[in-house]
Structure formats: structure tokens, C-alpha cells
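The following features are taken from Swiss-Prot:
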type	residues	note
SIGNAL	1-19	signal peptide
DISULFID	51-65	disulfide bond
DISULFID	58-70	disulfide bond
DISULFID	64-81	disulfide bond
């Protein structure tokens, strides 16, 4: 009986140590992923957009990209860029 209880307590201790290791690894991975997302976001903010992308709000100063056209779409209360059924040339 003592051996069975000792085995169960030992198994619980091993599981606790393993789960602590997984949590630490998961937290480090989460922090690394968050840092990567912030880097990508900062890089995209520095690029100047020449045109509005799909479903972006459009008006005269900011035209839609070449393969999009500015249209009024109900129930949206402003103009958005929608596909004009052409493909951009690369």
C-alpha cells in the first residue's frame, strides 16, 4: 500500500515538473510570436501605400489599386474598393 501511494505521489510530481516546463516553453514561444508580429506591423506602417486595397474606404485623394474600382455598396454608408474583374500585372 505504501508503495502504491509513493508511486502515485512520484508520478504527480513528475507531471507537475513536465507541465511547468511546457508552460515556460509555451510562454517563451508566445512572447517570441508577439515580438515577431510587432516587428511585421512596424515594417508595414513604414511603407507608404500608393492605393487602397480590397474593401478599403476610397475617395478622390486615395484611389483604389489598379484592379479595384471605387463603388458605393449597400448597407455600407461610404464608398469602398471592390474588384473590377481584372487581375494585376506583375
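Using N, Cα and C of the backbone, Cβ positions are placed for all residues, glycine too.
Just so it is clear, the model here is predicted, and its values are computed rather than measured.
Among the disulfide-bonded residues 51, 64, the residue whose Cβ has the fewest other Cβ atoms within 10 Å is 51. The disulfide-bonded residues considered are 58, 65, 81; of these, 65 has the fewest other C-beta atoms within 10 angstroms of its C-beta. Rounded to a whole number, the distance between the Cα atoms of residue 81 (disulfide bond) and residue 65 (disulfide bond) is 8 Å. For the pair formed by residue 58 (disulfide bond) and residue 81 (disulfide bond), distance between Cα atoms is given as 6 Å, rounded to the nearest Å.
Close to residue 70 (disulfide bond) in the fold, though at least 6 residues off in sequence, lie 58, 59, 63, 64, 79, 80, 81, each with a CB less than 8 Å from its CB.
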